[in-house]
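Each remark here refers to the structure printed beneath this line.
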Amino acid sequence: MLLSLLIIIPFLSSFFSFFSPRLHNNFPRWIALSGIIATLLVVIQIFFQENYHIFQIRHYPNWNCQLIVPWISRFGIEFNIALDGLSIIMLIFSSFLSIIAIICSWNEIKKNEGFFYFNFMLVFTGIIGVFISCDLFLFFCFWEIMLIPMYFLIALWSDKTEKKKNFLAANKFFLYSQTSGLILLSSILLLVFSHYYSTNILTFNYNLLINKPINIYVEYIVMIGFFLSFAIKMPIVPFHGWLPDIHSRSLSCGSVEIIGVLLKTAPYALLRYNLVLFPDSTKSFSLIAVFWGIISIFYGAWIAFSQTNIKRLIAYSSVSHMGLILIGIYSNNERALQGVVIQMLSNSLTVAALCILSGQIYKRFKTQDMSKMGGLWSCIYWIPGFSLFFSLANLGVPGTGNFIGEFLILSGVFEVFPLVSILATIGIVFSSIYSLNVIQKIFYGPCKQNIKVFFINKQEVWTIIALVFTLVFLGLNPQKIIDVSYNSIHNIQKEFNNSILKIRS
């Protein structure tokens, strides 16, 4: 019952938010915030109640906390949701960042609040569903349910001065996402029907599709389909074109939800599906994937350095870091996979904070152009110090979760692909160039605008402080995350290796 609440609570909250303005204008934000907090409390309750991370060692993938309800039985489709250590970590951090996004929207959203929070909670519902789905058809439904509400969030609640560009950015996101969804659906159907022809069992059940051999050529085609679908959403080069546009147009709350939460569904899906369902083809594709990741690291860093728009710079920075995550996923090394988990969480926190800080600067100066800024260190309290901290975290300074994630990934990759690890390390050095360049352009030098000294409000300060403490906690005590996710990651790696041995024997 508790597991079903993870879907029911945010889904109902979206409709309550939509109709609640008839009672009071402030009700939608409170309903949305309460819905996310309630979802987080349910996750925490399951965390302490189930001991799933102990159970998983010997019973993978038969989840201890699982709900299976017949749905479209004729086609083998079930409402099948479950939790393990990896998914529960993603749920906790997604809920936390969604709460941060709601707080950011508190003073930004003044019109059509009911419709805004309706769309926001539908996106949150889709994200939760992606992390807990164990049926491929259900996974696809949640993957796609985020598309339409995300389109409205981008088109209707972005930069008010250039509405035409808002719709162009939203249309670009829609086209990329539709392409991703079409490729994913085609690949799922090809996998399911290939399994049916081999076993005479029609099913979309993740557990039943594991370790069931299909034709190697079909497996490779399906694996490529899954990979391309997830690569578009990560995104990695050359599928990144939609991200800078929508990020530069979105409000702070939208940016936090898109880059901080939404983008992390794709690397999660690569871990959960590609490594386990397509082990042999993934193994043969791994060298291509890691060099693809190298290209993304260097390209994202170079383009970030050339940007004058601060929010586009943050978007390209995210593309660069996604390249590192891609390398870790395809390294076939358990330590690197643990680093991927830490890096996903740390990058989400860092980018969310930078989005919020850049949003505060834009709110006061009405520009995202760094060439029009300068000398702001003496004009703004709190923001320069926080910006310096998160810029240093973004380049992987020790004491932050980013350093732990990068260290684990690079050390794990070095055991398998030494040259790739060295190239990735060189690429990461470029992040220090654009990160420090941002600080220099915005906060140092002569002041280019006549502005008065001002403070940011308490709400903004406490939001950033929460992100600082969480990021430092990951950097100083990553063992907590590793312990919870260890058995999930260990078993994903074990299933990957065992499947290869079975196929080759």
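Sequential numbering from 1, following the chain as shown.
Yeah, the Cβs are placed from backbone N, Cα and C, and that goes for glycine too.
On a predicted model such as this, the values are computed, not experimentally measured, just so you know.
Swiss-Prot lists 30-50 (among others) with the feature transmembrane segment, giving sequence analysis as the kind of evidence. Same-chain neighbours of the transmembrane segment (30-50): 2-3, 5-6, 9-10, 12-14, 16-17, 20, 64-65, 83, 88, 91-92, 95-96, 98-99, 102-103, 117, 120-121, 124, 128, counting only residues six or more beyond its ends whose CB sits under 8 Å from a CB of the stretch.
For 86-106 (among others), the entry in Swiss-Prot reads transmembrane segment, with the evidence type sequence analysis.
Annotation source Swiss-Prot lists transmembrane segment at 114-134 (among others), citing sequence analysis.
Listed by sequence, the residues of this chain that lie at least six past the ends of the transmembrane segment (136-156) yet keep a Cβ under 8 A from its Cβ atoms are 71-72, 75, 77-81, 112, 115-116, 118-120, 122-123, 125-130, 166-167, 169-170, 173-174, 177-178, 181, 184-185, 188, 191-192, 204-206, 209, 246, 249-250, 254, 257-258, 262, 265, 269. Marked as transmembrane segment by Swiss-Prot on the basis of sequence analysis: 136-156 (among others).
Marked as transmembrane segment by Swiss-Prot: 173-193 (among others).
Summarising the annotation, Swiss-Prot assigns transmembrane segment to 221-241 (among others) and lists sequence analysis as the type of evidence.
Residues annotated as transmembrane segment in Swiss-Prot: 251-271 (among others). Remote same-chain partners of the transmembrane segment (251-271), defined as residues 6 or more beyond its termini with a Cβ less than 8 Å from a stretch Cβ, comprise 86-87, 90, 94, 97-98, 100-102, 104-105, 108-109, 120, 123-124, 127, 130-131, 139, 143, 146, 150, 153-154, 157-158, 226-227, 230-235, 243, 311, 314-315, 318, 322, 325-326, 329, 337, 340, 344, 348-349, 351-352, 355-356, 358-360, 492.
The transmembrane segment feature in Swiss-Prot is assigned to 285-305 (among others).
According to Swiss-Prot, the feature transmembrane segment maps to 313-333 (among others). Residues 231, 234-237, 240, 243-244, 247-248, 255, 259, 263, 267, 270-271, 274-275, 282-283, 285-286, 289-290, 292-301, 303-304, 307, 339-340, 343-344, 347, 351, 354-355, 358, 370, 394, 406, 408-409, 412-413, 415-417, 420, 424, 427-428, 430-431, 434-435, 438, 493, 496 of the same chain lie 6 or more positions beyond the ends of the transmembrane segment (313-333) yet place their CB under 8 Å from a CB of it.
Residues annotated as transmembrane segment in Swiss-Prot, with sequence analysis given as evidence: 373-393 (among others).
Positions annotated as transmembrane segment by Swiss-Prot, on the basis of sequence analysis: 409-429 (among others).
Per Swiss-Prot, the feature transmembrane segment maps to 462-482 (among others); the stated evidence is sequence analysis.
Nonlocal intrachain contacts for the transmembrane segment (285-305), taken as residues 6+ away from its ends with a CB within less than 8 angstroms of a stretch CB, comprise 220, 223-224, 227, 236-237, 240, 313, 316-327, 329-332, 413, 417, 420, 423-424, 427-428, 430-431, 433-434, 437.
Scored on C-beta pairs under 8 angstroms, the neighbour of the transmembrane segment (86-106) with the top count among 173-193, 221-241, 462-482 is 462-482.
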